[in-house]
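These notes are about the structure you will find just below.
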Amino acid sequence: MCGIVGIAGVMPVNQSIYDALTVLQHRGQDAAGIITIDANNCFRLRKANGLVSDVFEARHMQRLQGNMGIGHVRYPTAGSSSASEAQPFYVNSPYGITLAHNGNLTNAHELRKKLFEEKRRHINTTSDSEILLNIFASELDNFRHYPLEADNIFAAIAATNRLIRGAYACVAMIIGHGMVAFRDPNGIRPLVLGKRDIDENRTEYMVASESVALDTLGFDFLRDVAPGEAIYITEEGQLFTRQCADNPVSNPCLFEYVYFARPDSFIDKISVYSARVNMGTKLGEKIAREWEDLDIDVVIPIPETSCDIALEIARILGKPYRQGFVKNRYVGRTFIMPGQQLRRKSVRRKLNANRAEFRDKNVLLVDDSIVRGTTSEQIIEMAREAGAKKVYLASAAPEIRFPNVYGIDMPSATELIAHGREVDEIRQIIGADGLIFQDLNDLIDAVRAENPDIQQFECSVFNGVYVTKDVDQGYLDFLDTLRNDDAKAVQRQNEVENLEMHNEG
C-alpha cells in the first residue's frame with residue numbers, strides 16, 4: 001500500500017508535498033520520495049528508505065525547487081524494499097517523465113517482456129511501478145510532434161489502460177507539458193482532486209490518495225477522480241479531464257475503509273469515520289444476538305483503527321468503553337511490516353496493557369481485522385498477563401481467507417490465519433475465550449450506507465472474487481513464491497543499495 005500526492009502550483013511546492021506525505025504516512029513507512037521540476041525544466045529528486053521525516057533533511061528540501069511536483073510514500077507490495085525501488089521513478093524519453101503509483105499490476109511479468117522485446121525498454125528494478133511508467137512513456141512516444149496536445153496525452157493514457165491490468169492510482173509529470181493523474185477502470189485505489197485559489201487569476205491543483213492531504217494544505221476538495229478518468233494540468237495551470245477507459249465501473253477496495261484510510265478522510269464520497277461507526281453498529285448487533293449469555297465487563301479497542309468501532313459496540317451492548325492499551329506511536333503498523341519476526345518483536349514495543357482496565361475483568365477486545373493472527377495472539381496473551389479473567393475478541397472485518405493482489409501486502413494464502421480454517425480453530429490458535437467476525441454483507445452495508453451509488457466493492461480478501469477477472473491460481477502461486485516471508489528474507493539478504501545518479505542524496 002502506498003500514498004501519492006501531486007501539486008501543480010504557482011509557488012514552490014516542496015514544503016507542501018512534504019506536509020502532504022506526512023499525513024499520508026500511514027499508507028507506507030518503508031520509503032518516501034519527492035520530485036519537482038525546477039526553473040530550468042530539470043527534475044529534482046530525493047528518495048530513500050525511511051519515514052518522511054527521516055528521508056528529507058533541510059539540504060534536500062532546499063534542492064527540491066519548483067512550482068510543480070509529486071511525492072510518494074511506499075510499503076513494498078511488488079518488488080523488494082531496496083532504496084532503488086523507492087518512488088517516484090523517472091525515464092528520460094520522451095521529454096522526461098516521472099511517475100508515482102499506488103496499487104499493483106497483475107500482468108507485470110508479461111508487460112516487462114513486452115517492453116524489452118517490442119519497445120527496447122529495459123526495466124532495472126523489480127517494481128511494477130517502473131513497468132507502468134515505461135508503458136505510459138512508450139505510448140506517449142507514438143506522438144512525434146512537440147508539444148503534445150491534451151488529446152494526445154489522454155490517448156496515451158487510454159492506450160495504457162488497455163494494456164495494463166490490476167489496481168493503480170498514478171500521478172506523473174512530463175517535462176514541457178505538466179502534471180497528469182489517472183485511476184484504474186475499477187477505481188480500486190483511491191484518488192482525489194482539489195484546488196486552491198491564490199488570487200483572482202491564479203489557481204493551484206492537487207491530487208492525493210486521501211482527502212485529508214487536501215485538508216491539511218487548505219485545498220478545497222473538488223471530487224474523487226472517477227474510475228478510468230484522467231486529469232491533465234498544464235504548466236500554465238489549465239485543467240483538462242477525460243474518461244480514458246472503455247468500461248469503467250466503481251469497485252473501491254473495501255479494506256481501505258476497514259484499515260488503511262485515516263478516519264478524517266473521505267473516499268468515493270464515503271466518510272471513513274462514519275463507515276467505521278456503522279461497522280461498530282453492525283458488529284455490536286451481531287454480538288448482542290449471538291453472545292447474549294456472555295458476561296462482558298468492558299469493551300477495549302486495539303488501537304487505533306478500531307477505536308471508533310469499539311466505542312459504537314460498547315454503546316450497542318450498554319457496556320463501558322475503556323482505553324486498555326497505550327500505544328507507542330513511533331512503531332510502524334505490524335501487519336505491513338516486512339517479515340514475521342519483525343512483526344512479532346514489534347507488537348510488544350507498540351502496545352502496553354493498562355493493568356487497571358484488565359484486572360479481574362471479562363474483556364471484549366475489538367480489532368479492525370485479523371490477518372496473520374500475530375498481533376491478536378500476542379495481545380490476548382498481554383491481556384491475560386494484565387489480569388483479565390476471560391478475553392473475547394471481535395473483528396470488524398470478516399475472515400481474511402484469500403490473498404490480495406491489488407496493492408496490499410498480504411498475498412500469501414498460507415500466511416493468513418483464516419485460510420482453510422473455521423472460526424473455532426482460529427480462536428484456539430490465538431488463545432481467545434470467544435471469537436466473532438463481522439459478516440461480509442454487514443460490512444458492505446456499513447460502508448455503502450454512506451454512498452448508496454456504489455453498487456459493489458473489491459472484496460477479494462474476504463470472498464476470493466477478483467474484479468479484474470484475470471487472477472487464477474497460477475498467478476497466486478507465482479505471487480506466493482515472490483512475496484511470502486521466506487522469499488522476502490532472501491530478498492533482504494541479497495539487496496544492494498542503488499540510489500541512482502540523479503537522486504539528491
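In case you wondered, yes, glycine gets a Cβ from its N, Cα and C as well.
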Candidate from Thr305, Thr375, Thr414 that Swiss-Prot assigns to the same Mg(2+) site as Asp367, Asp368: Thr305
In Å, rounded, how far does the Cα of Asp368 (Mg(2+) binding site) sit from the Cα of Cys2 (active site, nucleophile)? 19
Cys2 (active site, nucleophile) falls, by three-state DSSP, under strand
Residues lining the Mg(2+) site besides Thr305, Asp367, Asp368 (CB within 8 A of their CB center) are Val258, Tyr259, Pro301, Ile302, Ser306, Ile309, Val366, Ser369, Ser395, Ala396, Ala397
Over the domain 'Glutamine amidotransferase type-2' (2-236), what is the model's average pLDDT? 96
Residues near Thr305 (Mg(2+) binding site) in space but at least six apart in sequence (CB under 8 A): Val258, Tyr259, Pro263, Arg276, Asp368
Over all shown protein chains, what is the count of other CB atoms within 10 A of the CB belonging to Asp367 (Mg(2+) binding site)? 22
